Amino acid sequence: MANDLLSLAGWYFLPNIATTYLQTALYAVFIRAGDPKPVPGSPRHQRDRKRLFIFVIATYLLYTVYEADYQLLRSGDFYQDLGVPHSVSERELQSRFRRLTVQYHPDKVSTGSSAAEKAAVEGVYIQLKLARDTLVDPAKRFAYDRFGPEILEWRQCKTVRDFVITGVQRTTVYYFISGSALVLLGVLGYLQQGKYWRYLVMASLFVVEVQMMMSPTFPAAVEHLINPFLLAIKWRQPYLPFQMLALLRKLTITFFIALSQLGPVLQGPQTGGADNDAVVAQQLERMDVVVKATDQEVSRLMGLELMPFAADQASTSDLRTSLKEWLVRNTITNDAEVRGAIQSVLDRRRGEGQTGTLQTLS
């Protein structure tokens, strides 16, 4: 549990840290000394960081899946403990246990062995006996293949039906809590990328788990495709259904987190551009309102100020035009919102011009 929490927590700070160090190292290697390096915030720097961030996320996703598989392999299972295949019969199982008993029975330990060695041998023998007792019982073996070693705690279960009902209840509670957590995170504004697909995947995985729990045989994909491939390449022992389900759960959670990390990076520039366009449009609308109001106010003031010169039409017309232009320019340049809107438009045009120049050069 602690390793799982640490792995999930790592998703929120390791990718950014790794991307920063990797980008710095690559610039130091591939850019000659004395040549200018891309400045943070420049188009090239952002483009390189985006690509490296995607690479880091994909690599970390693969590592997380590998780590989960390694934990399953290190934990082992009762079949590995006894050194028998998944299709072993009861007779072969008993024969294998008797041979192992000759080697690991506590009574077989030599008298000169230390207490630690005796305790170790006794622990191995207890584990082998527990594995034998579980796999010899058809109901427990059925449940162990699908739910794992936690069925040893279900002491009230005696038949296959009891184990299946208990397993389905526990699985339903797990997915109900997981689904509620996803909905809550969505309401709070987190994990927005592909949230409806996320619900569909969770529901599909729940259906797959329930089908695997109730099926009298191993899933066809595991038995006829995945396990034969693992045996052919001799990479690891074949999967049991409960191991495959644990790996699928881990893969689903880490994929959701990876998607939430990659979503803003892949769609951020587009969303940001749309937001900037909306802000600029609002600022331009405000500027238009200010200009119209200023024009009306200037016309009213000009009429009041020029009443004494109403007899001289030519001078009055020139003076009215000059004063009106001065008042409009002075009012516009002194308004903070108008200056901000003009500066935003100018900065955007400069940025587009630089981007077009870089694209032309590249």
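Indices start at 1 and increase along the chain as displayed.
Each Cβ is built from the backbone N, Cα and C atoms, and glycine gets one as well.
Among the features that TrEMBL reports, transmembrane segment is placed at 12-31, 52-68, 173-192. According to TrEMBL, the domain 'J' annotation covers 77-148.
Listed as Cβ neighbours of the transmembrane segment (173-192) (distance under 8 Å, sequence separation of 6 or more from its ends, same chain) are residues 198-199, 202, 205-206, 256, 260, 263. The DSSP breakdown of the domain 'J' (77-148), given as helix, strand and coil counts, is 56 helix, 0 strand, 16 coil.
In this model, the domain 'J' (77-148) carries an average pLDDT of 87.
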